[in-house]
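Undergrad: According to Swiss-Prot:
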type	residues	note
TOPO_DOM	1-13	topological domain 'Cytoplasmic'
TOPO_DOM	35-38	topological domain 'Extracellular'
TOPO_DOM	60-148	topological domain 'Cytoplasmic'
DOMAIN	104-154	domain 'DHHC'
ACT_SITE	134	active site, S-palmitoyl cysteine intermediate
TOPO_DOM	170-191	topological domain 'Extracellular'
TOPO_DOM	213-715	topological domain 'Cytoplasmic'
COMPBIAS	359-373	compositional bias 'Low complexity'
COMPBIAS	422-432	compositional bias 'Low complexity'
COMPBIAS	681-695	compositional bias 'Low complexity'
């Protein structure tokens with residue numbers, strides 16, 4: 001019955017217990033009212049006292065067996081059985097006194113039942129040492145109330161026997177008054193007692209046997225130890241003493257407590273929180289902090305109610321101080337996006353508008369990850385306007401753009417000077433030659449002498465997609481020339497040759513190490529590679545054709561010499577990155593048309609796979625002195641020798657394209673002439689070379705070309 005609290009009331013459950021109580025109390029009351037007075041007179045006054053004591057004992061045990069907790073185990077909470085439920089095996093085995101005893105998993109209570117424990121289907125609880133569920137007491141009989149149930153049976157049997165015996169004695173004494181009321185009530189009580197005596201006496205005898213053998217009704221009925229040994233028995237006397245004399249078992253369920261309502265008087269009220277003392281604890285991506293904000297309680301309540309509907313905070317921004325390359329690329333992307341959205345932005349990509357701000361110190365020239373390697377915008381306005389100032393203030397000028405003059409502002413057109421013989425687009429190098437470890441890994445594998453490599457197809461795609469340069473026009477990414485490029489052994493550069501992409505310090509170190517004498521080799525004739533006119537505009541094609549006509553009219557140069565490494569490798573050396581010295585004034589450069597600013601005479605790169613590969617001259621190879629005048633040469637090239645028997649058209653075709661892989665190499669912080677620092681090239685010319693001719697000296701002829709181009713040729 002204690003388990004019934006809090007559950008739905010079922011009247012049928014109380015019918016047996018109510019009938020038992022009525023018969024017990026009613027029959028005993030009639031016995032004491034009609035039979036005991038006559039027995040006290042006829043037999044002894046102790047008869048009513050004895051029956052009263054036995055009746056009280058029966059009533060006490062009945063009450064204890066009905067209302068006492070039989071030993072119910074509490075059910076597992078939801079957080080306790082998360083790991084065990086739906087994955088636990090049905091049985092677990094434990095060993096008790098050397099005998100294996102199974103423990104069954106209870107799906108209702110969600111735990112393994114201890115030995116001798118069973119789940120009561122009526123009470124819906126697991127009861128320790130479950131015996132049976134008795135409907136006469138409306139309770140389960142378990143470890144905690146089995147003693148009272150057993151004593152109830154014993155006392156009830158004794159009481160029934162007493163009532164029946166003393167009633168029979170009363171009838172025998174009053175045989176003449178069988179028609180009387182007292183004798184009739186006594187005979188009725190005897191019938192009730194006689195009817196209940198048979199089942200109660202039989203049940204009592206059964207439990208006496210179970211107690212003596214140390215078993216429960218459930219174990220006896222199910223036959224768990226029918227063919228084996230009971231591990232729970234301790235002998236007859238010990239079993240009886242354990243049931244009757246042992247201390248009561250502990251209670252596993254707490255007693256229900258009623259909630260107490262306490263009235264709080266004004267002295268015990270909580271103080272009001274002021275608006276300035278509200279402490280808000282925030283959590284921002286794992287960082288907790290306390291902020292004191294001047295907010296009212298109403299605003300905090302509104303914020304709390306809207307917190308469930310608010311969007312999550314944005315992810316934290318990356319730490320740009322830790323990743324130099326990421327910071328550089330983000331800066332480039334932001335600047336390029338802002339430039340593309342401008343009103344005066346040209347339709348072509350604007351990568352030429354960026355140039356690296358190099359420092360004149362050796363540290364910034366040698367370390368590409370320094371802070372001076374950030375790409376700046378607008379520094380070109382500070383460039384020196386004369387060659388003398390540019391030699392004192394070394395810096396790099398950006399590559400020429402193919403944009404029309406109408407799309408460029410006057411300031412921008414003046415800040416980027418054009419070099420007619422500048423080769424290759426370095427827009428990719430301006431954007432990606434600084435700041436990332438991936439590009440440093442490429443710099444270690446790229447050859448500084450300008451030889452092409454087989455793995456520049458992906459970088460060529462970047463050049464095509466990222467910038468519009470002269471190389472991307474001559475050799476598109478889908479050209480088969482990309483597929484046929486093969487890397488060969490790196491030729492030894494000639495004396496006085498300096499890579500145009502090395503820093504000043506590295507160039508000086510390598511210049512001191514290279515002193516091999518030049519060995520003249522025989523020239524090799526080869527047809528020039530045809531120029532691809534597919535991607536060129538009409539004006540550029542006309543300029544190229546005009547220059548080719550001029551080159552065909554010029555006579556071939558007498559004996560040229562090749563550098564020693566090119567005779568065997570079959571790989572042409574790059575004639576520098578196209579920083580030829582400027583001889584015209586800055587005013588002439590600013591007035592030139594966009595067509596003049598496009599490098600002319602840059603045919604497509606020839607295939608390298610043929611055995612009789614193209615072999616051109618190196619930048620530092622000596623040339624004979626004054627030769628017949630020919631067009632298409634600047635004064636920086638007039639002081640060098642050319643291989644004999646090779647026409648100028650072939651020589652122009654020998655100039656290779658600057659591959660995108662070469663664009664990634666580091667550039668020196670000095671203005672260059674023919675790939676060499678101007679100070680070095682002018683101060684110490686190599687053997688077999690003549691000093692550069694000045695435009696003011698004799699022997700220099702100026703020839704006007706297409707579009708107002710002026711060529712200065714040594715005679």
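Cβ atoms are placed via backbone N, Cα and C, with glycine included.
Could you give the neighbours, burial and distances for every feature on this list?
TA: With a cut-off of 8 Å between Cβ atoms, the residues of this chain six or more beyond the topological domain 'Extracellular' (35-38) that come close are 47-48, 51, 166-167, 170, 173-174, 182, 185-186, 189.
Remark: secondary structure over the domain 'DHHC' (104-154) totals 9 helix, 17 strand, 25 coil, with classes taken from DSSP.
The Cβ of residue 134 (active site, S-palmitoyl cysteine intermediate) has 23 other Cβ atoms within 10 Å, all protein chains considered.
Helix, strand and coil content of the topological domain 'Extracellular' (170-191), in residues and according to DSSP, is 15 helix, 0 strand, 7 coil.
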Undergrad: I need to check the long-range neighbours of the topological domain 'Extracellular' (170-191): which residues 6 or more away from its ends have a CB within less than 8 Å of a CB in the stretch?
TA: 27, 30-31, 33-35, 38-39, 42-43, 163-164
